[in-house]
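Going by TrEMBL, these are the annotated features:
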ACT_SITE  His164  active site
ACT_SITE  Cys206  active site, nucleophile
COMPBIAS  346-360  compositional bias 'Low complexity'
REGION    339-368  region 'Disordered'
SIGNAL    1-21  signal peptide
Amino acid sequence: MQFRTLLKCIAASVFVASTLAVSDTSSQPYVEGFFNKSKSGHTNNWAVLVCTSRFWFNYRHIANTLSMYRTVKRLGIPDSNIIMMLADDVACNSRNIFPATVYNNRDRHLDLYGENVEVDYRGYEVTVENFIRLLTGRVAKETPRSKRLLTDDQSNILVYMTGHGGENFLKFQDAEEISAYDLGDAFQQMYEKKRYNEILFMIDTCQANTMYTKIHSPNILATGSSKLKESSYSHHDDPDIGVAVIDRFTYYVLELLEKVDMQSKATLKDLFDTYNYNLLQSTAGVRSDLFNRPLDQVLLTDFFGNVQNVELTEPKERSSSVAEDDDMTEEAEPTILESQKENNSQAIQQSQQQQQQQPQDHTFEIGDSSQSQTWRYAAFVTLSIVLGGVLVACSTVV
């Protein structure tokens with residue numbers, strides 16, 4: 001009888017241990033999925049949107065930039081993570097018969113200027129020097145946070161530029177130029193300073209594709225509106241305003257992006273596949289040799305949207321030096337990097353302020369699940385057998 005009782009106890013214990021182990025194993029993917037970063041390895045998104053043209057007849061370039069601004073905001077990137085440079089303010093131009101407005105369509109259904117537009121660099125602040133300083137982080141100490149690109153090695157950055165250009169250069173306000181060499185050097189400095197995880201460089205100008213030929217830094221994907229010796233063209237004009245209101249390349253990019261939301265699975269390959277010479281009247285280009293992910297696995301929201309991931313970090317190890325004790329007490333708590341939707345602007349700003357804090361040295365990681373589950377299962381079984389033997393021994397004594 002005692003032997004049979006012992007066997008029953010052991011069998012019951014093994015069953016309980018197996019159930020607990022299997023249950024814990026099945027929950028492991030959910031835990032890992034919650035804490036893991038996105039597939040691209042980034043935890044935050046930024047956008048740098050640049051219009052380099054002045055004067056009323058370049059109305060379309062301002063509309064291009066404001067259209068892209070509206071799109072990235074709609075897809076979740078908050079103003080705190082958008083740097084917009086507009087070389088002219090056509091909304092207040094005396095020739096504008098619709099004051100304080102900018103439209104990208106002759107039907108004028110959507111005012112791009114609106115009430116919630118934040119221009120960070122305007123007018124004569126839009127210079128080659130300021131643009132390069134912005135990218136490389138070499139700004140003056142008194143520069144406000146709204147004019148700083150506060151990125152790190154986990155930031156995905158969209159850099160969009162539009163204006164008048166030529167072979168290996170882009171004009172700034174008809175007064176100076178940025179060359180393809182300048183741009184390549186700025187990106188190299190960003191790489192050396194660990195200021196990005198991945199960059200999508202998009203440019204809409206004449207001979208645009210020549211502007212990314214001098215880039216040699218890794219994890220940069222580039223696309224442009226026209227090849228060498230080709231012009232980029234406007235899409236249509238507004239007879240009442242009297243000028244073209246948007247460029248062809250930007251128009252057709254936005255046509256696809258308007259169908260995308262924050263949960264979309266559309267990829268950059270889907271976007272690049274829409275490039276059509278008959279529509280663009282120019283040869284759009286893509287350079288992906290520096291990029292380390294297949295384009296059909298890169299979501300549009302990896303650059304045009306905002307991630308919604310969580311990262312937990314552990315505090316730095318306390319120093320044994322008494323002099324450093326006070327400093328260590330001021331250590332930041334684990335930072336939560338989490339974006340919010342556009343309709344809650346106040347929550348977005350608070351979240352992105354937390355995001356600016358530098359992550360601590362030791363990142364929480366989940367260990368080898370297969371190894372830990374094996375040891376856990378063995379521990380359950382051993383403990384069950386021991387408890388079963390103790391129960392039988394006690395019943396015999398009684």
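Using the three backbone atoms N, Cα and C, a Cβ is placed for every residue, glycine included.
The Cβ of Cys206 (active site, nucleophile) lies under 8 Å from the Cβ of His164, Gly165, Gly166, Ser226, Glu230, Ser231, Ser232, each of these being in the same chain and 6 or more residues away along the sequence. All chains included, 18 other C-beta atoms sit within 10 angstroms of the C-beta of His164 (active site).
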